[in-house]
Structure formats: structure tokens, C-alpha cells
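Here is the structure we will look at, set down as C-alpha cells.
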Amino acid sequence: MATVRKAFPQRLVGLASLRAASTSSMGTLPKRVKIVEVGPRDGLQNEKSIVPTPVKIKLIDMLSEAGLPVIEATSFVSPKWVPQMADHSDVLKGIQKFPGINYPVLTPNMKGFEEAVAAGAKEVSIFGAASELFTRKNVNCSIEESFQRFDGVMQAARAASISVRGYVSCALGCPYEGKVSPAKVAEVAKKLYSMGCYEISLGDTIGVGTPGLMKDMLTAVLHEVPVAALAVHCHDTYGQALANTLVALQMGVSVVDSSVAGLGGCPYAKGASGNLATEDLVYMLTGLGIHTGVNLQKLLEAGDFICQALNRKTSSKVAQATCKL
């Protein structure tokens with residue numbers, strides 16, 4: 001019978017040897033990666049039970065303590081559509097604002113933007129999609145009409161010197177249309193970039209992407225948008241999130257979205273499971289010798305906290321492997 005070895009106090013005994021491994025055969029990799037933590041927004045928005053505001057605030061504060069440079073705090077959407085985000089103003093006002101850390105919020109329209117600014121937002125995000133049917137089911141308009149709705153937000157943001165990040169949903173597949181053309185993703189990304197979004201996050205909303213699809217999609221997008229303005233946002237429905245992210249890194253992308261404990265999904269995407277777990281991403285990047293500035297131990301503690309609060313198990317493989325037995 002095999003014996004079970006308890007985790008060592010540092011919990012992560014393999015990282016030193018991983019860092020020593022050669023990465024010369026993996027192509028050029030960035031020296032540092034900016035991680036955009038989306039757990040408090042994308043991770044929690046689909047939870048069936050309403051998460052208490054103090055829990056959300058503590059989670060964000062713990063993520064700040066862990067050194068995440070960007071933490072998407074909440075979403076200024078209608079409580080009718082996403083009840084979990086009804087406390088958006090209280091959350092944004094209640095968190096500790098750490099120096100050097102950005103706390104963007106999702107603002108789908110002018111009303112949301114105005115409420116976000118009133119609550120102290122310094123950066124906002126808008127959502128586009130590369131799927132016509134997804135856009136209609138999500139926001140009840142065409143892709144072109146969705147851009148028209150963003151015009152007011154972009155103008156107001158420029159006037160207030162507020163940065164805007166753009167998302168492209170369904171970049172590697174759609175729950176309604178199936179395959180999505182890389183050319184369509186490139187077209188939507190180019191439009192968001194030309195409108196003034198400083199960064200475009202390409203999302204595999206339902207997690208159907210593979211490394212080959214990621215390569216083809218990024219190849220098309222890179223003809224329209226500078227690599228420095230791109231990020232990837234992978235869901236792990238088919239267990240491909242880390243592999244897809246690694247392909248993006250090899251192609252020059254140095255910004256990656258992820259969610260603590262692998263929380264999240266998409267309320268409009270049937271079958272979508274959680275996001276790429278931030279713990280797993282940090283572990284991989286550290287093993288590749290890529291700087292993140294994130295304290296993995298503190299990140300694991302944040303994951304433990306929110307999983308206990310939600311009464312659920314973590315989706316992070318690293319957290320599962322290093323838990324106290």
C-alpha cells in the first residue's frame with residue numbers, strides 16, 4: 001500500500017527544479033507576464049447563491065496581498081440580468097486600493113459607466129463578441145449595433161481619462177454557432193482597438209479551443225492588432241486552458257486572464273466550465289522562469305478562503321496537489 005506524504009511547509013517543493021529546466025526548445029517566451037485576475041467578477045457572477053459583500057471585499061484584498069497587478073473587481077450590469085453583481089458600488093468602494101494595482105470593472109453601457117465612475121472606478125471594460133448569434137442572445141443586438149452602444153462609453157472614458165479594456169468573446173468557438181472564423185475575431189479585435197481600447201482580451205468563452213485553433217486565431221489577429229495590446233482569456237472546459245495559454249506566450253502575448261481557484265464560466269454559454277486557475281498559471285509561469293510578481297502561497301490562501309466561503313472544491317490542480325492532508 002502506497003504511503004501518502006504530507007505536504008512540506010512551503011507546499012511547492014518542485015518549483016526550484018522546474019525553474020532550472022531548459023526552455024530553449026519552447027521558442028521565445030516573455031520575461032514577464034501580467035496576470036489579470038478575473039475571479040471576483042467573472043469567477044463569481046454565475047454562482048447561484050449570492051456571495052455576501054464582505055466576502056467579495058476580503059477576497060479582493062487577499063488577491064491584492066498576493067501581488068496580482070490587475071484584479072477585475074465587479075460588474076456594473078443590471079441586477080436583473082446578473083443579480084450576483086448588484087452590490088458593485090459597495091464592493092468597489094469597500095476594497096483596499098493597493099498602490100500599483102488596477103481594479104477595472106465591467107461597464108456594458110453608459111448607465112453602468114456613470115455608476116462605476118461615481119463609485120471610484122479608474123479603469124473599465126467593455127465586451128464584444130466574434131459571434132453574431134452570441135451577441136444577439138447576450139445583448140439583444142448585432143455585433144455592429146453593439147459597437148454603436150460602446151461609442152458613448154468610449155467618448156466619456158476619454159473625457160474622464162479612464163482606460164478601457166476590450167473583450168472579444170467566442171474567439172475560439174461559440175455555444176450557438178460552433179466554429180468562429182479567425183478573420184471575424186481579428187475584425188472585432190481591430191474595431192475595439194481602433195475605438196481606443198488599450199488592451200484586447202481574446203476569450204475562449206466555452207473552452208473548446210485547442211493549441212492549433214489558438215495559433216490560427218492569433219495569427220489572424222496579429223495582422224490587425226499589436227501583440228503588446230493583446231491578452232488571452234481561456235476557459236478549461238476541455239482541459240486545454242494551460243496549453244492554449246502557452247501557445248499564446250510562444251506567439252508573444254504577455255498578458256493572461258485567469259481566475260483564483262478556477263472559478264467562473266459564462267451565464268450565457270451552455271456547458272462552459274471554469275476559467276484557467278490563477279494558481280496553475282502562476283505555477284507554470286514560475287517553472288518557465290517567467291516573472292509574475294505573484295506570491296503563490298498567498299494566492300493559494302485566497303483560493304482556500306473563497307472556496308470555503310462558497311462551500312465548494314477548488315478547480316486548481318496546484319491547490320489540490322498542495323493541500324494539507
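Cβ atoms here come from the backbone N, Cα and C positions, even for glycine.
Binding of divalent metal cation is attributed by Swiss-Prot to Asp42, His233, His235, and the same site annotation extends, among Asn102, Asn275, to Asn275. With respect to their backbone Cα atoms, Lys137 (N6-succinyllysine) and Lys48 (N6-succinyllysine) stand 21 Å from each other.
The number of other Cβ atoms within 10 Å of the Cβ belonging to His235 (divalent metal cation binding site), over all protein chains shown, comes to 29. With respect to Arg41 (substrate binding site), the closest of these recorded positions in Cα terms is Asn275, chosen from Lys48, Lys111, His235, Asn275. Annotation for His233 (divalent metal cation binding site): same-chain Cβ neighbours under 8 Å, separated by at least 6 residues, are Val36, Val38, Tyr167, Ser201, Leu202, Gly203, Asp204, Val256, Asp257, Asn275.
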